[in-house]
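Notes follow the structure.
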Amino acid sequence: KPLHYGTLLGSRACAHMAAAAWASGFLIALLHTANTFSLPLCQGNALGQFFCELPHILKLSCSHSGYLREIGLIGVTASLSFSCFIFIVFSYVQIFRAVLRIPSQQGRHKAFSTCLPHLAVVSLFLSTATFAYLKPPSISSPSLDLVVSVLYSVVPPALNPLI
């Protein structure tokens, strides 16, 4: 019963899930930050971005082992993110199945108008972030990197109040 999560789970379960999300995000950020600060930079410290993005910092690094360690962390992060994405897709499939069983056309329209914008923003964030971190270096350009960075770091948070 995906449309009844709030009443079925209770506030304690919701608090535990929120705490787990915050804790895992903090842990991943801490690991990336600690590894990034341990990288020696051979090509200066100027980035062509508006924030310190990991792929661009790795381009400045001259440490092969630090680079491989960071690539491993990105791989673990991508795996965790993909598993979260699978759960999101599974949840939305359940939600859409429940919405399609709503007898009134107006009720289905109201439910879809609530769910689809959220799904679009989540899809925009995940697809552009995945592209930014896993694209081959051969298609990298400063302008493309900047556009992709804005698409996953600025646009989704800006759209959240509208949703």
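Keep in mind that glycine also has a Cβ here, set from the backbone N, Cα and C atoms.
What TrEMBL says about a protein is an automatic prediction, not a curated fact.
For 1-163, the entry in TrEMBL reads domain 'G-protein coupled receptors family 1 profile'.
Per TrEMBL, the feature transmembrane segment maps to 12-31 (among others).
Residues annotated as transmembrane segment in TrEMBL: 71-93 (among others). Long-range contacts of the transmembrane segment (71-93) within its own chain (CB-CB distance under 8 A, at least 6 residues past either end) are made by residues 2, 24, 28, 31-32, 35, 54, 58, 115, 119, 122, 126, 129-130, 133-134.
Within its own chain, the transmembrane segment (114-134) has Cβ neighbours under 8 Å at 53-55, 74, 78, 81, 85, 88, 92, 95-96, 99, 145, 148-149, 151-152, 155-156, 159-160, 162-163, counting only residues six or more beyond its boundaries. Positions annotated as transmembrane segment by TrEMBL: 114-134 (among others).
Averaged over the domain 'G-protein coupled receptors family 1 profile' (1-163), the predicted model has a pLDDT of 81.
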